[in-house]
């Protein structure tokens with residue numbers, strides 16, 4: 001019991017407070033628009049969880065967010081800010097597509113694992129350049145990763161419009177995958193697949209790696225302080241590359257699960273920004289297991305947001321604003337503490353200069 005209490009004390013309540021404050025601020029915005037906050041939030045919850053279709057839509061929206069959130073959260077744990085998840089997602093989807101279309105005739109037990117592995121490798125390879133440039137040339141990974149997002153998106157646009165475009169199609173999309181490459185559906189007449197279980201399994205695996213393995217200890221140590229890790233004999237460069245590769249694999253799986261499960265083909269612009277939403281999911285969840293709950297929360301917001309368009313004058317954009325408020329409120333305490341530390345340091349330096357002068 002004492003051990004459980006100690007663990008609960010370590011859990012940061014900042015995300016919970018931030019969520020509650022975001023709901024309060026959102027309520028004020030709703031009041032300003034002439035609506036009842038309780039009624040609007042009730043519609044949002046009912047739209048996401050009140051019906052079978054709502055629950056299925058919530059699970060469908062949550063699935064890619066789990067992978068993207070895990071990608072960003074794992075990178076952050078190792079001191080790597082991977083903002084290239086969107087590009088890695090697309091490149092993972094492309095790699096899986098090439099294997100799926102080229103593997104016609106193979107049984108599902110062979111083709112599905114091959115596609116998943118190809119998607120992981122596609123995302124990992126695309127994540128390699130930012131971290132290599134950081135270690136070799138000192139280029140910040142955020143800048144490189146963001147630039148690679150645009151390159152990946154445009155490359156997918158080209159591939160779906162020309163080399164991979166389905167014959168006779170007027171839409172930028174590939175041929176339909178052979179059925180052996182389709183992820184099994186969980187429910188009839190729904191797009192929810194076993195991809196969500198892959199995401200849950202991945203969260204458990206990453207949590208185990210971080211908590212119970214030497215690599216996980218090294219990743220955490222590097223994320224906390226690179227200099228201390230180096231002094232302790234940890235191969236910082238190698239650990240950071242490994243962290244980024246695993247992060248890229250998670251992102252690649254997000255795209256793979258989408259094209260193999262939801263669409264059964266590669267479609268231009270199939271991601272509405274899952275990679276960027278993954279940043280919000282990771283910031284709110286922080287640990288692999290909590291990322292799952294964070295993704296479900298954002299899935300509820302996405303699924304319930306469509307219900308707000310009926311009978312209210314609020315648009316789905318309100319949900320985006322609510323997500324932004326949550327992130328700002330989570331980031332604000334850390335930002336304030338950094339600013340306070342910087343001001344104190346500056347004052348201390350100024351006093352020392354006056355004393356020496």
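Quick reminder: no glycine exception, Cβ is built from N, Cα and C everywhere.
Features reported for this protein in TrEMBL:
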type     : residues : note
TRANSMEM : 12-34    : transmembrane segment
TRANSMEM : 54-75    : transmembrane segment
TRANSMEM : 87-103   : transmembrane segment
TRANSMEM : 109-133  : transmembrane segment
TRANSMEM : 145-166  : transmembrane segment
TRANSMEM : 186-210  : transmembrane segment
TRANSMEM : 274-301  : transmembrane segment
TRANSMEM : 321-343  : transmembrane segment
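Counted over residue pairs separated by six or more positions, the transmembrane segment (186-210) shares fewer than 3 Cβ pairs under 8 angstroms with the transmembrane segment (87-103), which leaves the two as not touching. The largest share of C-beta pairs under 8 angstroms with the transmembrane segment (274-301) comes from 54-75, of the ranges 12-34, 54-75, 87-103. Long-range Cβ contacts of the transmembrane segment (12-34) within its own chain (Cβ-Cβ under 8 Å, at least 6 residues beyond either end) map to 40-41, 284-286, 290, 294, 297, 313-314, 318, 321-322, 325-326, 329-330, 333. For the transmembrane segment (145-166), the list of distant contacts is 82-84, 86-88, 90-91, 93-94, 97, 101, 126-127, 129-130, 172-176, 265-269, 275: same-chain residues at least six beyond its ends, Cβ to Cβ under 8 Å.
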